[in-house]
Structures are given as structure tokens and as C-alpha cells.
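Undergrad: Grabbed the feature section from TrEMBL, which reads as follows:
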DOMAIN    B:74-178  domain 'CoA-binding'
BINDING   B:Gly85, B:Ala86, B:Gly87, B:His88, B:Leu89, B:Gly90  NAD(+) binding site
There are 2 protein chains.
Amino acid sequence: MQRIPDAAIRRLPAYLRWLTECEEERVTSVMLGQATGYSSEQVRKDLAYFGAFGTRGVGYDVGALRDEIYRILKLDQGVRAIVVGAGHLGTALVRYVDQGHQVRHDVKIMALVDNNPVIIGTQVGSIRVESVDRLEELVHQYDIGIGVLTVPKEAAVIVGDRLAEAGVRAILNFAPVSVCTHYPDVFVQPIDLTLEMQALSYFVGQKAPHRL
Amino acid sequence: MQRIPDAAIRRLPAYLRWLTECEEERVTSVMLGQATGYSSEQVRKDLAYFGAFGTRGVGYDVGALRDEIYRILKLDQGVRAIVVGAGHLGTALVRYVDQGHQVRHDVKIMALVDNNPVIIGTQVGSIRVESVDRLEELVHQYDIGIGVLTVPKEAAVIVGDRLAEAGVRAILNFAPVSVCTHYPDVFVQPIDLTLEMQALSYFVGQKAPHRL
DNA sequence: AGTTGTGAAAAAGTTCACAGCC
DNA sequence: GGCTGTGAACTTTTTCACAACT
């Protein structure tokens, strides 16, 4: 069995979302590709890494494929997350996931914590904001796998280490600093909105406008 | 002159941020790499695509390098952006950039629009929410280069097309659908928070916990 | 006829190793 | 001695082309 490219894993959630939304019984790699913005070859190769789920000449069974991807991503086991930082971004995120923008209740935000006494105890969606002091306790209590960092950059490195120490397995870091815990097993995924926009600036200047 | 890898461009903003924050006069590729989480070879190669900015045996002059990257990313020209959708995510984003999380006033959010009459006219940070009907007008008026989509998925494809039609050069898409305008010149960058978390789920299950 | 699954080729991106300069 | 700049080796990822199957 060969190693599976990281890039392939990252595309699976997009396939999954469209599969849960589409009305069809059967789909082809071309349909899946067009809906998600990837090439049909890419789709076939990605899926083939995990087995032969399709039928030649026919396509893929939507229900079966959905279940397979669900299982591959381990979403069937239900991953639990904690959001640290109940500022604008943190609360937006909690409400976003709460509102059911997610495919199914596969990634569940169990807790939202902050260090501001004024915010602690307030309600955000269905979740009550807890004190950041209870971080370790909450991670253990809910068996949290993912920590989401939406704190100011001054706090991010320290809180990142606390999350790793407490036992989370992955961190989604929105803070504008590079967070690298001392635990090599903890997977850190940075998402920096400002950096993203600055990179876009380059592409904005690249090509001539399509309108004059 | 060779083509510059996309991946290199995406790393430049991270270098830039650290350069604007660091107190040093001179830095080495090793320092820059450690601060941003990349290897020193990577740093040197990225910078060398655009010219020889460093001094062998010494390192890079912080001020000069900062200005160079600023210029390369075309941030010196000041890119202007519009945010479509004044929901939780849209307002969080506006306040986030407003609060000066950004390096300098390089990417500036000029307008925030929504289709909800209740929200239109309210103030978010320093920006007044306008009607989405004025989208095209605002894009022209402020010479907007970047459109940020934080609308529900039902609206995303249509608004994306309107933004492209109005003349934006790049779109940052937070909506949970693949937005591909009919204008090939318009660069679309998707950021899907839910998909990101689902992909993390795979990595969470990957390795044994570092604590038992 | 139509579509998957896959080896081979190509392209993109990263790391290595060291010459070249201060 | 120390650090940059860079060709070469390597690795990863994508695309191509087509055999295999329904």
C-alpha cells in the first residue's frame, strides 16, 4: 500500500460536501470534478488511492462513495473541537458551524473559552463561553481532538503549547504568528486571512483587466 | 527570467510580516526561516527569484528587504477590497483588518455590503454597511481589486459573477461552494473553514497521541 | 459506448551541496 | 568564518494516455 498525498486528503472534504448535497444516485468523475473545481483525472486518482469505489462505464454510487469518504476522513468517529478566543472571529466561527454550514455533525465544537471576564458566561449560539483557565479540563472532559486558535498573536504561542500539552492532536491557527508546538505529533494548520489577502494583491496586479 | 512558483509568492507575506515586526537591522535566512516556519534554503530561494537582495557572509538588510517584498507583492500600490455579506464572518473580517492586524494599510477594505435591509446602514468598525445593489457602483468608485465573499452559498455563485463582471481581479471565497466565474482572468481563492476542519479530522486520527 | 483505474510522463516544489562573495 | 545564491538531485503532485471493465 502506497503513501497517500496530503493534497488528495485535502480535496476529499470538497467531494464529500457535494455528494451529500447532490440529488443524483450515480455520479461520474467529470461531474464531481466540475462541481468541486478539480479535473476528472484528479478526482479518479484521489478516490483510487483508497480503493476501487466506482464501476467502469457507469460511475460512482453516491451513497456508497459518501460513506467511504466519511470513513476515510474518520468523520464517522466524530471529532470534537475547542475554540480558544471568543472575539469576533471565534464567535463567528462557532455560529458558522452551529448554523449547520457543516455537512453533518462530524466536527463538533464542544467548547469556547476566553480570558476576558466580561465575556465569560455569555452565550454564543448554543455554547456558553468558559474561562480559558478551564482549557485543560475541558480538553480532557470532552476528549477534544482539534484546537482552534482565534486569540491575539501575543497569546497564540502560549495557548498553542497549552493545547498541545493538554493532548489535542491538531491545531487550526488563525493568529497572525507561526505556532509550532514542541510536540511533533501535533499537526498545526495555519490560516492567516491577512496574509491570504496580501498574496492576492500580487495576483491582482498580474494580469490585464478583462474590461477596459 | 524564469517563472516564479505560486508557492513562493504565498510565503512572501509571512516574511514581510516578520520583517516589519522585528527589531533587528540585519537578518539571516536562518532567522527568517525559524520565525516563519520555513527552511532557510526555502527563504533564500524564494527571495532569489526576485533578485539578489542579500549580502554574502552578512545577511539581508531588514528595511531594504521589507521594501522589496512590499513592492513585489504590489502592496505599495495599495489594493482596495470590498466585503460582500455582513454576517458574522464578514463583520469579523472587517473588524479584524480594521483593528490593524494587518502589517500596514496595504490591503484596505473600502466597503461592506449586504442584502438585508435591517443591517444596511449600520456601522461595522469604521465602515457603514451599504446595499448590495450598489455593488457595481462601489467597485468602480473605489477602483476595487479584491472581492471577499462571505455570503450564504445560495448567493455566492451569483455574487461572484457580479464581482467579476464589475471588474475585480481576485475573489477570496469563504462560501461553501466552488465559485468559478466565467472570466478566466479573475483569480479565485477559496477558503473553506468547514472543509479545513474536516481535513484535520484525518490527521487527528493519523498518529498515536503523545500522551497516554 | 462510456467510464473507471493506473502506470508513465510531465510539472511543480523542496532539499542538498557547494561555489562565490564579504 | 559565515552567509548568500544557485544548479543539481530529489520528492511530490498533476496530467496524460490507455487498458480494463460494464
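Placement of Cβ uses the backbone N, Cα and C atoms for every residue, glycine included.
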Undergrad: With DSSP, how much of the domain 'CoA-binding' (B:74-178) is helix, how much strand and how much coil, in residues?
TA: 38 helix, 29 strand, 38 coil
Undergrad: Below 8 Å between Cβ atoms and chain A: which of B:Gly85, B:Ala86, B:Leu89 make it? I'm asking about the binding-site residues.
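TA: Listed binding-site residues passing the 8 Å Cβ cut to A: B:Leu89.
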Undergrad: Counting other Cβ atoms within 10 Å, pick out the least crowded of the binding-site residues B:Gly85, B:Gly87, B:Gly90.
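TA: It is B:Gly87 that, of the binding-site residues B:Gly85, B:Gly87, B:Gly90, has the fewest other Cβ atoms within 10 Å.
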Undergrad: Ten-angstrom check, please: count other Cβ atoms within 10 Å of the Cβ of B:Ala86 (NAD(+) binding site), all chains counted.
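TA: That number is 25.
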Undergrad: Around B:His88 (NAD(+) binding site), which residues of its chain at least 6 apart sit with Cβ under 8 Å of its Cβ?
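TA: Looking at Cβ-Cβ distances below 8 Å from B:His88 (NAD(+) binding site), excluding near sequence neighbours, one finds none.
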